[in-house]
2 protein chains.
Amino acid sequence: MKSQSAEESRIAQLCVEHGLKMTGQRRVIARVLSDADDHPDVEELYRRASALDSRISVATVYRTVRLLEEKGILERRDFGGGRARYEATEGGRHHYHLIDVDNGKVIEFEDPEHEELMRRVAERLGFDFVSMRLELFGKKRPQPVKETKAPARARKKKEAGS
Amino acid sequence: MKSQSAEESRIAQLCVEHGLKMTGQRRVIARVLSDADDHPDVEELYRRASALDSRISVATVYRTVRLLEEKGILERRDFGGGRARYEATEGGRHHYHLIDVDNGKVIEFEDPEHEELMRRVAERLGFDFVSMRLELFGKKRPQPVKETKAPARARKKKEAGS
DNA sequence: CTAACTGCAAATATTTTGCTTGCCG
DNA sequence: CGGCAAGCAAAATATTTGCAGTTAG
């Protein structure tokens, strides 16, 4: 969560800068996206947006995320599970995702030197770096008995942590 | 393309090692996968497999790739475009993908130090490295007039190069 | 005023599944 | 043999789209 004030959300501002028409529903979706600090899929976005304003249809959410992705305001992610997930494009620093293969939980991490490395790779291949996507899959290493915490070994099928 | 001989394909061997039953259609799909040096989606796999043996249904291809992915023999990729793509898991060296945002073409590249870097990241976060996925998006940098070759600026919508 | 946007429902696209039959080990 | 696997078609998901009515700029 970020601003939450009555003023225009960060994403709404970007929409304006890109010359998009700011309708009521688009403003709501923009706020939901601006406030999200996870990686919601369309259904989840629809749920959150509906809570703020019930006059919104899923089709609009789909249309909006597609539009914002084309404009480079949003980035689509695929963490497995069939549905596309979205998160706001970050200006400078990129962050990456480590997915726990046992429960699908997503952990974010940064690695400053990484983007620079990728820029060089792209350049070496004759390309200008546009964007990147990095997903690391790992298995939680059994901690060397740190404290008294329940193991909690689950194995849900669908919908894992965002 | 790799072996092409009448003997068991590399992937078929892996199936056996994993205790999977080798049926006729599974053997054909395994051969197609072994021979592929690109990233076919299910429909393309189905097409290639059907060419070798018409008694194969798409459902079987779907079931097979899912099974092989679970066994770690195949890895699923998402290069955008809605369909999942597959490629055989590599033993040691990983390779990555640079996608040309202008035409969807995929260029493979390697970066030996990269996997080591990611292993360390996973470790730092308390995980054992299982696998990773890295997609780099770039725009072809206008070459400094190399030779006489047509520009060929296309902009296809669907189905781009594998 | 009009091009862009929305809702709704129908259309697509992709992947999964139920059920019966077949074949590997 | 016995159970895993395959075919086929229907079902389940996910996403897109046609059309008519709204609305931001």
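We count from 1, first residue shown onward.
Yeah, the Cβs are placed from backbone N, Cα and C, and that goes for glycine too.
According to TrEMBL, the features are:
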BINDING   B:HIS94, B:GLU115  Fe cation binding site
COMPBIAS  B:152-162  compositional bias 'Basic residues'
REGION    B:140-162  region 'Disordered'
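In the three-state DSSP scheme, B:GLU115 (Fe cation binding site) falls into the helix class. Taking the Cβ of B:GLU115 (Fe cation binding site) as centre and 10 Å as the limit, one finds 18 other Cβ atoms among all the protein chains shown. Non-local contacts of B:HIS94 (Fe cation binding site) by the CB criterion (under 8 A, 6+ apart in sequence, same chain) comprise B:GLU110, B:HIS114, B:GLU115, B:MET132.
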